[in-house]
Amino acid sequence: MIDFSLPNETQMLVATVKRFVEKELNPLEDEIERTNAIDSGVADGLRRKAQELGLWAMHMPEEMGGGGLSTVEFCLVNEQIGHTKDVLARRAFGHVPSILVRCAGAQREKYLHAAMRGEIHVSVAMSEPEAGSDANGIRTTARRDGEGWILNGSKHFISDADVAGAYIVTAHCEEGISCFLVDRDTPGLELGRIQKMMGHRGTHHNGLFLINCRIGPEQLLGELGRGMSIVLGLINVARLAYVGARAVGMASKLLEMSIKFAQQRCQFGAPIGSFQMVQKMLADMQTEIYAAKVMVLNAAWEIDQGRDAREKVSMVKLFASEMLGRVADNAVQIFGGMGYCTELPIERYYRDARVFRLYDGTSEIHRIMIARSLLERGDVPL
Ligand SMILES: Cc1cc2nc3c(=O)[nH]c(=O)nc-3n(C[C@H](O)[C@H](O)[C@H](O)COP(=O)(O)OP(=O)(O)OC[C@H]3O[C@@H](n4cnc5c(N)ncnc54)[C@H](O)[C@@H]3O)c2cc1C
């Protein structure tokens with residue numbers, strides 16, 4: 001029997017996150033959009049409130065001080081978090097990279113536990129000007145220097161690099177690509193300029209330069225030469241929750257606003273919602289949101305069962321991000337000229353939505369991954 005009902009405690013958690021987003025985060029959005037920044041005192045206050053409610057780092061294991069949510073639960077809360085801006089989600093709920101669970105020895109206190117307490121932010125620095133989709137094509141090198149390494153190379157588009165105290169850097173060494181923890185104040189590490197983006201104002205992305213950057217042996221994260229499998233092994237939950245579930249949340253918010261507008265806005269003496277072409281857009285939006293939501297939860301459930309859900313996660317990433325693009329486009333259309341006007345948030349959502357198809361693997365890369373596993377297997381899975 002398939003049971004889609006949610007336990008009471010899950011419903012209460014989702015309701016708590018929804019209230020937090022509406023009460024604490026939504027009111028801050030216009031100011032952040034205007035200034036492209038969030039005050040650090042405000043950000044700290046949000047984190048403390050979220051920590052008090054048990055809403056900080058909800059995806060991390062309980063024994064490490066996290067919320068210990070299942071993937072299904074984490075996706076459900078991220079659907080609500082999709083109703084607010086990316087930077088507010090990051091500051092309030094914590095983007096502790098899952099890869100920090102691989103910290104060992106003294107790294108655990110310095111990076112993992114400090115990040116779990118909200119004392120340090122750690123950014124993941126993989127992409128380079130010459131290597132985005134081709135993550136194995138990075139040029140950053142880690143050359144042996146006694147027991148430690150000397151890093152050389154450059155990274156770009158690193159989210160939250162300006163607030164990070166340390167970076168997880170991928171680099172080529174003799175044994176293959178490895179991950180290294182590099183502190184912000186390491187001599188030879190320089191923060192590049194903020195790379196201005198189309199949307200997600202308030203979240204900053206910078207380049208990073210590593211120039212003869214010397215690090216000790218204790219900075220290696222995980223096994224030598226296993227960097228890509230460490231990263232890829234932990235990326236599925238992030239793709240589902242931060243892209244799939246948040247796309248569903250953002251699309252739902254756009255639909256809610258579109259329904260209200262269609263009920264209130266009158267043309268030709270009638271609400272535009274009475275016109276069948278507007279109804280078609282609303283119906284298509286709702287249908288696609290529903291499909292994406294079911295896909296997110298099914299893939300999340302597969303992960304919780306310990307199954308290999310990589311192909312499903314790729315389908316979710318592909319469909320949910322493209323669904324959001326279509327929903328945002330329909331919302332602009334329903335709002336007419338006001339949808340294009342900066343007085344209303346619709347145009348902001350339209351811009352914010354665009355990046356979902358680019359990061360965490362572009363649509364093209366996920367199509368390649370889906371097709372590859374279909375052709376390797378030679379059949380269509382249920
Ligand atoms: C807002 C934002 C935040 C980001 N945050 C981070 C971060 O925190 N850390 C980090 O490391 N990176 C980050 N990135 C980088 C992101 O992961 C890359 O932008 C993404 O992987 C795509 O790489 P690229 O931009 O170099 O595009 P490219 O790889 O150059 O791709 C360009 C185009 O070619 C297509 N293409 C490439 N290869 C193929 C192929 N084999 N077949 C068909 N089409 C192909 C792509 O789909 C795309 O359409 C961020 C990016 C953005 C925009």
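Keep in mind that glycine also has a Cβ here, set from the backbone N, Cα and C atoms.
Those TrEMBL annotations? Automatic predictions, nothing curated.
Straight from TrEMBL, the features:
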type   : residues : note
DOMAIN : 8-119    : domain 'Acyl-CoA dehydrogenase/oxidase N-terminal'
DOMAIN : 124-212  : domain 'Acyl-CoA oxidase/dehydrogenase middle'
DOMAIN : 225-375  : domain 'Acyl-CoA dehydrogenase/oxidase C-terminal'
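Sorting the domain 'Acyl-CoA dehydrogenase/oxidase N-terminal' (8-119) by DSSP state (H, G, I as helix; E, B as strand; all else coil) yields 78 helix, 0 strand, 34 coil. Under DSSP, the residues of the domain 'Acyl-CoA oxidase/dehydrogenase middle' (124-212) split into helix, strand and coil as follows: 3 helix, 51 strand, 35 coil.
Model confidence over the domain 'Acyl-CoA dehydrogenase/oxidase C-terminal' (225-375) stands at 97, taken as the mean pLDDT rounded to a whole number.
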